[in-house]
Amino acid sequence: MIAAQAVLYSYPYLHRQLKNSCSSSSHGHHHRHPLFFISRRLKRRNSNSWNIASTSQSQLPTPPYNDEGQQRKVSDLNMLFHRFWKVAAPYWFSDDKVEARLQLTAVFALTLATTGISVGFNFLGRDFYNALANKDEEQFTKQLLYYVCGFAGGIPFFVLRDYARETLSLRWRCWMTSYFMQRYLTHRTFYKIQSQSIIDNPDQRIVDDLSSFTSTALSFSLTLFNAAVDLISFSNILYTIYPPLFVVLLLYSIGGTAISIFLGKGLVTLNFLQEKKEADFRYGLVRVRENAESIAFYGGEDSELQLLLQRFTSAFENLTQLLISSRNLEFFTNGYRYLIQILPAAVVAPMYFSGKIEFGVINQSVSAFNHILGDISLIVYQFQAISAFSAAIDRLGEFDDVLDISRSKCLSDPMEHINLTYSFKKGSQVLDCNGSIPVNTSLRLLDVENLSLKTPKNNSTLVRDLSFAINEKDHLLVIGPSGSGKTSLLRALAGLWTTGKGKVTFYVENGGDAQSLTSSDMALVDVNSADMNEFGRPINGNSRSVFFLPQRPYMVLGTLRQQLLYPTWAGEAVVSDDTKFGGFRRCPPWLYIVSFQRSGFSI
């Protein structure tokens, strides 16, 4: 097997220093290494080799999140409220806060109007049935006309309330999606999450959980507001008719809520796990699509089918448990809902028979009773939806916590870290012996001082006390067996791994692009890894004359021009040459069109 290799452009005396600089331990990663280039006009002046010592393999750090077979601890109520506020609050204090608050006020106003309409229909129903019981045709026709007019005038309020709520939910989701994606793709958080297995399926949390959170949060907020107004309005009506009936209803709802919480306490955990398992299964299908040719070459269809069915079976078994728990809760919920329906009529009927109340009051009491029952039994009726919403809050809360600490050097929070610095220098010139012709001196490109590199979880040391320098036109070839730490060294130089100690300094010409970050009259500006947060992105892209090329080519979901210019986009600039050649604006699936490497076979 051909050993994986990496290429560096190096200082001539480096070969003497490197043999004793590498640790004998390994990082346990077996990915192919990237190639690293100093993007300048380099000519081969010196060529040296560095063999990294072969080391034993070490275990990967244990992922912080629970495995599929492990039982997840349910967040308590205080934690849920804290996470809900932490996730929901930023939008209402953002640049869009004025429009959002105005629209939210309109939604609540429409909700208040619909509650008033419901109270009005309650009194209309009383008079309608009184006229019917009294056989008063004129009054009956009059009340019927009121009913029709009430429906015609009231329906638009209900429709506009729902429409305003949905549009506000969509607006909120749009902002939150952008907010989470910016944080996810800033400071290399996406890489830290993936490489250190911080949380599962961040894509599913951005797509599904955010959508569920925004729509359900607004819906529940309006439901609570409507229930509070309903409770105040209809409690007065029912209490005026027969006070003991109101007290019985209150005690009944409190008992039902307590029993519902006891029966459905496992639904939050099951909903959380169901979202994770469904996302895992969907991710497995995406991997088959993206690696279709490789799987076809291997003939691994049966193995892929087995792996996918394992993930689906895991989701299916969890869903079965979820349905069983929901079924048990439904037994109680349906009994709770219909057992007490006859109570208001049975209690108020003797008063009607004695002539104390009219027939329409019975209908009014039943209507008010059902309104209050729905308001104070909200947890009973909506427990399954609340448990699913709690799971979404938990998943987004975990994701938000990870994004908040992403500004640190490493999510594992090491005690010490590698100091990565970019120094912007102007090229220096000297005169020849005649004092007339400027001659460029050899420029320093890279300094590595006392570099000790560890795996992100501090489990093993990969490199210890490594120091070297690279000047312009120097070359270095790094070779070694797979797993010896070549890729990890380049990860440290790129700032992907910062666990360890030492200093890495890149010297880059202070050209026009650097002027956007530095003052024009400054000859040298140091930007270390901590200061990169001020710019919102690392400064080691190819726009800084330092380019890291990964071993596995990456194809963007964009046009041919975007692929060719990645990661520096053309923006809105118009290139006249694109009119001479076709296809620059096409967006085909480049991953399945271009050729990455040759195929081979053996018998």
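Placement of Cβ uses the backbone N, Cα and C atoms for every residue, glycine included.
Automatic, uncurated: that is what TrEMBL annotation is.
Look at TrEMBL and you will find 106-388 tagged as domain 'ABC transmembrane type-1'.
Listed by sequence, the residues of this chain that lie at least six past the ends of the transmembrane segment (104-124) yet keep a Cβ under 8 A from its Cβ atoms are 143, 146-147, 150, 154, 157-158, 160-161, 164-165, 168, 218, 222, 225-226, 229-230, 233-234, 237, 364, 367-368, 371. Annotation source TrEMBL lists transmembrane segment at 104-124 (among others).
What TrEMBL records for 144-163 (among others) is transmembrane segment. Distant neighbours of the transmembrane segment (144-163): 107, 110-111, 113-114, 117, 120-121, 124, 128, 222; these residues of the same chain sit at least 6 beyond its ends, with a Cβ under 8 Å from one of its Cβ atoms.
Positions annotated as transmembrane segment by TrEMBL: 217-239 (among others). Remote same-chain residues near the transmembrane segment (217-239) are listed as 84, 88, 107-108, 111-112, 114-115, 118-119, 122, 161, 165, 168-169, 172, 245-246, 249, 364-365, 367-369, 371-372, 374-376, 378, 382, 386, 389 (criterion: CB distance under 8 Å, separation of at least six residues from the stretch ends).
Annotated transmembrane segment per TrEMBL: 245-268 (among others), in sequence order. The list of residues near the transmembrane segment (245-268) in space but at least 6 beyond its ends in sequence, with Cβ under 8 angstroms from a Cβ of it, reads 74-75, 235, 238-239, 322, 325-326, 328-329, 332-333, 336, 340, 343-344, 347-348, 365, 369, 372-373, 376-377, 379-380, 383-384, 387-388, 390-391, 394.
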